[in-house]
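The structure appears right after this line, and notes come after that.
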Amino acid sequence: MSLPVLFTRASASGDCTKDTCPASASIYGYAPDWDFNLFFAVGFGITALIFSHESLIWPKWRAYSLACAIGCLMESGGYVGRLLLSKDPFSDIGFKLNVVLLTIAPAFISAGIYITLKHAVVIFGRHLSHLPPNAYMYIFVACDVVSIILQGVGGSISAIADKKSVLDQGVNVMIAGLASQVFTLMVFFGLVIEYFIRCRRQPQRLNLGTVSLAKSAKFRLFVAAVTVAFLAIFARCCYRVAELCNGWGSEIMREEREFIILDSE
């Protein structure tokens, strides 16, 4: 992929517009599907409102709800950017919204997931955990902040890049942020499994009343939802690392089907 093609965005090059060049000449090589991206822009927007409402009525879960609300709001904004690209594949603002917001958003949702482990330890028994409850939140959220900063800085550099060297710098910073997020997710998953095994093997040591809670339909549904969200974010991070390791304009980046399956899940 040559540089003139990679930088066919409004503020970076005047060589191509939607009237003079086909969508295949744009940075993604296609015009994003309008219906699909509208569905996710609206869906994430509604979800952000729901989480915001929950943060007001359930103060104990405010940190979790706000983290998820911010993540969903960013996801919605990112898909608005893709809607702009659907109408104009060379839209500079659409490209920037898409790159920056969709890159950072999952890190906020994963921060919400990290907070659930703290609450699980408090509810089921902190004596079964190697770490105090708050340590889980402080350690993993701190790692998430580092990931967010790296991804945000890298995405911003890529969004304003006007030459290859600057673009490569942005990509490398984004990869570092994504890789750190993948590592953090793996460590978190290991600690969750370890705590779950300890609870299963020593049910007599669980806090009173928690056995019935663990068997309730609502709790199991919540655990299932968090697990699905975790796996989706992990798959998305791995996809993004593979996508960026091959550089802008790679075959992976220029296939919307892979994006729909692995990034939008």
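Cβ atoms are placed via backbone N, Cα and C, with glycine included.
Curation plays no part in TrEMBL annotations; they are all automatic predictions.
TrEMBL lists 34-51, 63-85, 97-117, 138-161, 173-197, 217-235 with the feature transmembrane segment.
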Please report, as numbers and ranges, the same-chain residues at least 6 past the borders of the transmembrane segment (34-51) whose CB is under 8 Å from any CB of it.
65-66, 68-70, 72-73, 75-76, 79-80, 82-83, 86-87, 260, 264
Restricting to the same chain and to residues at least six past its boundaries, which positions have a Cβ under 8 Å from a Cβ of the transmembrane segment (217-235)?
106, 109-110, 113, 116, 182, 185-186, 189, 262, 265
Remote residues contacting the transmembrane segment (63-85) - C-beta distance under 8 A, at least 6 residues beyond either end:
26, 28, 31-32, 34, 37-38, 40-45, 47-49, 51-52, 54-55, 91, 93-102, 104-109, 111-112, 115-116, 119, 137
Should anything in the same chain at least six residues away from the transmembrane segment (138-161) have a Cβ under 8 Å from its Cβ atoms, list it; otherwise answer none.
7, 12, 95-96, 99-100, 103-104, 107-108, 110-111, 114-115, 117, 131, 167, 169-178, 180-181, 184, 188, 248
